[in-house]
Amino acid sequence: MNQAKKLYLETFGCQMNVSDSEKIVTLMKGMGYQQTQDPVDADLVLLNTCSIRATAEQRVYGHLGKFKSIKKTKPGLIIGVGGCVAQQEGEKLLKKAPFVNLVFGTHNLHLLQGMVAAAEEGKRSSQTDFLDDEKRFDLFPHSEAEGGVTRFVTVMQGCDNFCAYCIVPHVRGREISRSAAKVVEEVRALADSGVTEVTLLGQNVNSYCSKQPGEPDFPDLLRLVAQVDGIERIRFTTSHPKDMSPRLIECFADLPKLAPHIHLPAQSGSDRVLERMNRGYTAQQYLAKVAALKEACPAIQFTGDMIVGFPGEDEAAFQDTMALMEQVQYADLFSFIYSARPGTKAAEYADDATRAEKQGRLERLQAAQKKTTLARNRSLEGTVQKVLVEGLSSTGDSLFGRTGGNRGTVMAGDPSLAGRVLDVKIVEGLQTLLKGEIVHD
C-alpha cells in the first residue's frame, strides 16, 4: 500500500492569504497530498508569502534556509513559494534560492497542480503572470476545506487605491469583483455543510462592484448574504474609510446577523501624513465615519492599523495619531514601523526620522493601545455577550469562541456546542481574551 504524500504549508500575512491557503490545501488534496504540521515529514513544502513589509520578506528567506537544510537530507523534497513575495520576485527567487522548485504568483493558483506535477518530474518553474479580469474568478480554484464553523469567502481581489506606501496593487492587481450570485451560491453551500459564520474578503470590500454598474454593491451583497438560512453571523474585511458609505453604515443598524465589529484602518491621525499617504480622507472625516458607525450600532467594536515613522511624520504628527486613537478607543490595533516597498510612491520620499525615533514612537503607541485594550476587555466583565463557539481552545480544556465584537472568549462547555451562538456572561477580561460562563436557560 502506497503511503500518502505529505504537504507542509506555511502562511504569512493577511486573511486573503489564509483564504488562498485553504484553496491550496484543496488543490494538493486532489493530487494525493495530506497535510502535516512537521516539515521534516513533508514531501512538498509550500510557503504562501506576504510582502507588505520588508520584515515579512526577510522572514520568508529565513524560513527557506530552514527548508534548505531539510532538503540536504531529503533530496526529493519539493519546495515552492507562492503569494506576494513570489509575485514580486518571480524567477529571481529561483536564482536566489536554487533549491526552490517552483514559484507561483497571486493569480496562478489554477496552475499549481501542473507545476507540482512538473516538479515531481524534476522540472523547475515560475508562473507570475496576471490574469485578465474576466478570467480571474473563472479560473481561480475554490476551497473545499473540511471542518470548522467559520469560513472566508472571497468577494473581490486587487486594489485600485495605490496608497503611497502599499505594494498590494502591484502584487495583487487591480480590483475585480465576483458576481453576487456566485458569492451567495458559495455561502449557501457553506451553510449546508455546517458553517455558521462567514467573513467576506477583499483588499477593499467597500468598493465591491464599483466598476460594474447595475450589479449589487457591497451593502446589497450583505443583505443578500444575510438572507441565507443557517448563517448566524457575517463579518467583512478590509474596509477603506473613504468608501464607507451611509448605506453600508445603515447595514449595521438593519442586519442582526452583521457582527458589531469593523476593521477600519486609519494608518495615521495627521492630515499632512494622510495626504502624503494618498489615503483620500482627513482625520476629521475618518472620525465622522466612526461616529456614524457608533450611532448606527452603539455596541460596535473597532480595530485598525497604524503606521509610525512614515516619511514626513514628526512628533506633532505622531501626537495627532495618538489623539485619534484616544477618540476612537480601538479594541485592538495592528501597528508597524513604516517599511519602504519597491515600486511604491513613498519609496521615493526622503526618510527623515531615525530608526530610534521610529522605534520610540511605536513603543509609546503600543503601550497606550495595550492599556486601552485591557480596559475595554475589563469593561465587558459582568455583561452577557453573544459568543459564536468555534470549537476547543488551543489548550483543549475549554471551548473557544468570539463575541460579536470579535473578542476571543474561552468558557467551559461541551464540544458539541460548536457552531452555536450562545449567551455568555463575561467573568474576567484579560489582555488578549475574555473568560466567560455559558448562561443556561
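One-based numbering along the chain as shown.
Backbone N, Cα and C atoms are what each Cβ position is placed from, and that goes for glycine too.
Copied from Swiss-Prot, the annotated features are:
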BINDING   CYS14, CYS50, CYS84  [4Fe-4S] cluster 1 binding site
BINDING   CYS159, CYS163, CYS166  [4Fe-4S] cluster 2 binding site
DOMAIN    5-121  domain 'MTTase N-terminal'
DOMAIN    145-375  domain 'Radical SAM core'
DOMAIN    378-440  domain 'TRAM'
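This view paints the features noted in Swiss-Prot onto the structure.
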residue	record	Cβ contacts under 8 Å, 6 or more apart
CYS14	[4Fe-4S] cluster 1 binding site	CYS50, ILE52, THR238
CYS84	[4Fe-4S] cluster 1 binding site	GLY13, ASN17, THR49, CYS50, SER51, ILE52, THR106, ILE167, VAL168, VAL171, ARG172
CYS159	[4Fe-4S] cluster 2 binding site	CYS166, VAL168, PRO169, ARG172, ARG174, GLU175, GLN203, ASN204
CYS163	[4Fe-4S] cluster 2 binding site	GLN267, MET277, ASN278, ARG279
Residues of the domain 'TRAM' (378-440) by DSSP state, where helix covers H, G and I: 5 helix, 32 strand, 26 coil
The domain 'MTTase N-terminal' (5-121) - residue tally per DSSP class, helix then strand then coil: 63 helix, 24 strand, 30 coil
Near-site residues: [4Fe-4S] cluster 1, ref CYS14, CYS50, CYS84, CB cutoff 8 A to centroid: PHE12, GLY13, MET16, ASN17, THR49, SER51, ILE52, ALA56, GLY83, VAL171
Averaged pLDDT, computed only over the residues in the domain 'MTTase N-terminal' (5-121): 89
